[in-house]
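Undergrad: One structure follows; several queries about it will come next.
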Amino acid sequence: MAGILAWFWNERFWLPHNVTWADLKNTEEANFPQAEDLYLAFPLAFCIFMVRLVFERFVAKPCAIALNIQTSGPQAAQPNAILEKVFTAITKHPDEKRLEGLSKQLDWDVRSIQRWFRQRRNQEKPSTLTRFCESMWRFSFYLYVFTYGVRFLKKTPWLWNTRHCWYNYPYQPLTTDLHYYYILELSFYWSLMFSQFTDIKRKDFGIMFLHHLVSIFLITFSYVNNMARIGTLVLCLHDSADALLEAAKMANYAKFQKMCDLLFVMFAMVFITTRLGIFPLWVLNSTLFESWEIVGPYPSWWVFNLLLLLIQGLNCFWSYLIIKIACKAISRGKVSKDDRSDIESSSDEEDSKEISRKKPHAATTTNGTSGTNGYLLTGPCSVDD
C-alpha cells in the first residue's frame with residue numbers, strides 16, 4: 001500500500017520541476033492546499049443534500065402551491081391486469097407484433113393500447129410540483145454560489161489579470177475565502193453525483209454524469225496541485241448561466257410564458273457568451289499559454305488542460321442544443337420542446353395536435369400552457385455548471 005501511495009503522489013507528476021510536497025506544507029506564515037482537506041466535502045455533501053430536502057419541503061413546496069402549480073402527475077392509465085402484467089414483467093415499449101396480439105386478446109384497437117402504455121409510462125414521471133421544487137433548490141444554490149464567487153473574485157488580482165494565476169506558482173497561499181469556495185463547490189457536485197440517481201431522469205443522464213465526474217476531478221485536481229486561482233475563474237464562469245436556466249424552468253412550471261421566454265433568451269445569451277467566448281479566449285488561453293510561458297508544462301499540467309478541453313467539448317454540445325431550441329422557438333414564436341424532454345406526449349396531446357391541424361387556432365397543450373411545455377421542463381443542462 002505504501003508503494004502504491006508513493007507512486008500515486010509522485011511529485012514529478014503533480015508538481016513542477018524542483019518542487020516537493022514538503023515545500024507546500026502549512027507553516028505559521030502561510031497555508032497551502034492539502035489533499036486531506038478534500039475529505040470535508042463528503043460530510044458537507046450529505047449536509048447539502050439534507051438542506052435540500054428541508055428547503056424543498058418547507059420553502060419550495062409552499063411557493064409552488066401559492067403559484068397554483070399542480071401537485072398531481074400525468075393522467076393515470078385505467079386499471080387493466082393484462083396490460084399491467086406486460087408493462088411490469090415484459091416490456092414498457094411493446095413492438096407492433098405484441099400490440100396486435102394484445103389488441104385481439106382485449107378486443108381493443110391498437111391505438112388505445114398504445115395510449116395506455118404511454119399513460120402508464122408517464123404515470124411514473126414526477127409531478128410539475130416536484131420539478132418546480134428541484135429547480136427552485138438549484139436556482140437558490142446557483143444564485144448564492146455565483147454571488148459569493150463574484151464578491152470573492154472582484155477583490156483578487158487574478159480576476160483582472162490572469163497571469164497572476166501563475167506568478168509565484170505553486171507557492172501561492174490558500175486564503176479562507178478560497179478554501180470555502182472550493183470545498184462548497186466540490187461538496188455540491190458530490191451531492192449532485194449521488195442525487196442524480198434519485199432526481200428526475202432525463203435523456204442526457206450519461207452526459208450529465210460525465211459532466212459531474214469531470215467537474216469533481218477538475219476541482220480535486222486543481223486543489224491538490226494548487227491551481228486553485230484559475231480554478232475559481234472556471235467555477236464562477238460556469239455558474240453564471242445556471243441560475244437563469246432554473247429561473248426559466250420555474251417560470252415555465254408556473255405558466256408565466258413571457259417571463260419564461262425572456263429568461264430563456266437571457267440564459268442562452270449568457271451561456272453561449274461565457275462558454276464559447278470568454279472561457280476559451282480568457283481561461284483556456286491562460287491555462288494553455290500563459291502558464292506554459294510562466295511555469296512551464298509538467299505531467300499534471302497536461303491532465304488538467306485535457307480535462308478543461310473535455311469540459312469545453314460538453315459546452316459545445318449543450319450550446320448546440322440551445323441553438324437548436326432557439327431556432328425552433330424563432331420559427332414557432334415561442335420556446336418549444338427540448339429534444340431531451342423526459343415526458344412523452346400523451347394521447348390527449350396527440351389528439352389535440354390532430355384537432356389543431358384541422359383548426360390551427362385551437363392548438364393548446366393539455367396542461368394549459370400554450371408555450372414551453374417541453375424545453376424548460378428539463379433544459380439543455382444542469383451545471384450546474
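Every residue gets a Cβ built from N, Cα and C, even glycine.
Remember, TrEMBL labels are computer predictions, not curated facts.
From a predicted model like this one, the values you see are computed outputs, not experimental measurements.
Pasting the relevant annotations from TrEMBL:
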| type | residues | note |
| --- | --- | --- |
| TRANSMEM | 38-55 | transmembrane segment |
| DOMAIN | 83-127 | domain 'Homeobox' |
| DNA_BIND | 85-128 | DNA-binding region |
| DOMAIN | 130-331 | domain 'TLC' |
| TRANSMEM | 180-198 | transmembrane segment |
| TRANSMEM | 205-224 | transmembrane segment |
| TRANSMEM | 260-282 | transmembrane segment |
| TRANSMEM | 302-323 | transmembrane segment |
| REGION | 337-385 | region 'Disordered' |
Undergrad: Average the per-residue pLDDT over the DNA-binding region (85-128) and send me the rounded value.
TA: 88
Undergrad: Going by DSSP, how much of the domain 'Homeobox' (83-127) is helix, how much is strand and how much is coil, in residues?
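TA: The breakdown for the domain 'Homeobox' (83-127) reads 32 helix, 0 strand, 13 coil.
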Undergrad: Determine which residues of the chain contact the transmembrane segment (180-198) at the Cβ level, with the cut-off under 8 Å and only residues 6 or more beyond its ends counted.
TA: 37-38, 40-42, 44-49, 52, 141, 145, 148-149, 152, 205, 208-209, 212-213, 215-216, 219-220, 223, 228, 231-232, 235, 382, 384
